[in-house]
Amino acid sequence: MKALHFGAGNIGRGFIGKLLADANVELTFADVNQPLLDALNSRKSYSVRIVGDNTQVEAVSNVSAVHSGSQDAIALIAAADLVTTAVGPQILEKIAGTIAQGLVKRHEDGNTRPLNIIACENMVRGTSQLKQHVLKLLPEAHQEWVVEHVGFVDSAVDRIVPPSEAGSDDVLAVTVETFSEWIVDKTQFCGEPPAIPGMELTDNLMAFVERKLFTLNTGHAITAYLGQQARHQTIRDAILDPKVRAVVKGAMEESGAVLIKRYGFDADKHAAYINKILSRFENPHLHDDVDRVGRQPLRKLSAGDRLIKPLLGTLEYHLPHDNLIIGIAAAMHYRSEQDPQALELAELIRTLGPQATLVQISGLDADSEVVAQAVNVYNAMQ
């Protein structure tokens, strides 16, 4: 089986790329980072350091790389059995052109083997969004053929992969946590789903997407925002602070109550899932910076993301949400000179004030009790 994976960064190499290579898939990475491409093509392998109770280093071999916008990438899409991505939500639209050109070539070449495309991104139904970007760019003459021969398969992914530590002289070395989860919507495949160990199939993807979004992502973000407020540097430092931990755990329990109501999750099992995530945040081998985890606050405060979506669920089911409100207020305080969204957030608050800013970003009702609560908590944090 041949696969092209867009995104040769740490998540691409340390998570999805590793699973594909471990399954003996003929794997090519696509990226725009030339030094990374050169290193992959020269060495054809890299090492993944897996850290937990025991640390081990595993080799990933027989890989190659092409530039994301190249004719080579287009040719690979025309011939591949699987295309995956780990590029970040905002980059999906940028790779849609290459994918569309590859699908046109595939049709013109007469390749009728099923092709499945899976976006492995930190977002809800990312592949469905990628599909819309691709179809917009696809000439009409090819649309029907693509719908018939190409599966766009949504997925939920979960693995903490921090940036490489400063001082590492190996551009390809990557560190990941032991835990990983890749769940895909088995109803969306074209043809039979490939047998890839570590890729789990489900016909109820949204339950798992929201479980991860409302627990791992909600908890991670609130840990980062409260951690920055308390002047902690890493996620581990922050979650070991009893005051931060109490709010983070409380917020995950509030969002968890929504999941239990909406999807019928078992309460005891979900409590264990929350505790597992807290222990992942404490991992002493992962030096995950609060500034990195908190970046892109405008996206994280939008209606469909990790802070507002669980809050809306608590309103829908008339459930408590005090800790989620604290997390939202802390997110509005997030500052980073390196993050354009953080700079934009600060400017919005300066010009509009916190209430109008929150309403504009989140879509919440300006006169709602939750907006008033969030603004009160925000002001108290000054």
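In case you wondered, yes, glycine gets a Cβ from its N, Cα and C as well.
These features come from Swiss-Prot:
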- Ala3, Leu4, His5, Phe6, Gly7, Ala8, Gly9, Asn10, Ile11, Gly12, Arg13, Gly14: NAD(+) binding site (BINDING)
So if I measure Cβ to Cβ from Ile11 (NAD(+) binding site) and keep only same-chain residues at least 6 apart in sequence, which ones fall under 8 Å? Ala86, Cys120, Arg159, Val161
Restricting to the chain of Ala3 (NAD(+) binding site) and a gap of 6 or more, list residues whose Cβ falls under 8 Å of its Cβ, or answer none. Leu20, Val25, Glu26, Leu27, Thr28, Ala80, Asp81, Leu82, Val83, Thr84
My understanding is the cutoff is Cβ-Cβ under 8 Å with a sequence separation of 6 or more in the same chain; which residues meet that for Arg13 (NAD(+) binding site)? Phe29, Tyr46, Val48, Val60, Leu172, Val174
Looking at Cβ-Cβ distances, which residues of the chain lie under 8 angstroms from Gly9 (NAD(+) binding site) while being 6 or more apart from it? Asp31, Asn33, Leu36, Ala86, Val87
In terms of DSSP three-state secondary structure, what is the assignment for Arg13 (NAD(+) binding site)? helix
Using all protein chains in view, find how many other C-beta atoms are within 10 Å of the C-beta of Gly7 (NAD(+) binding site). 26
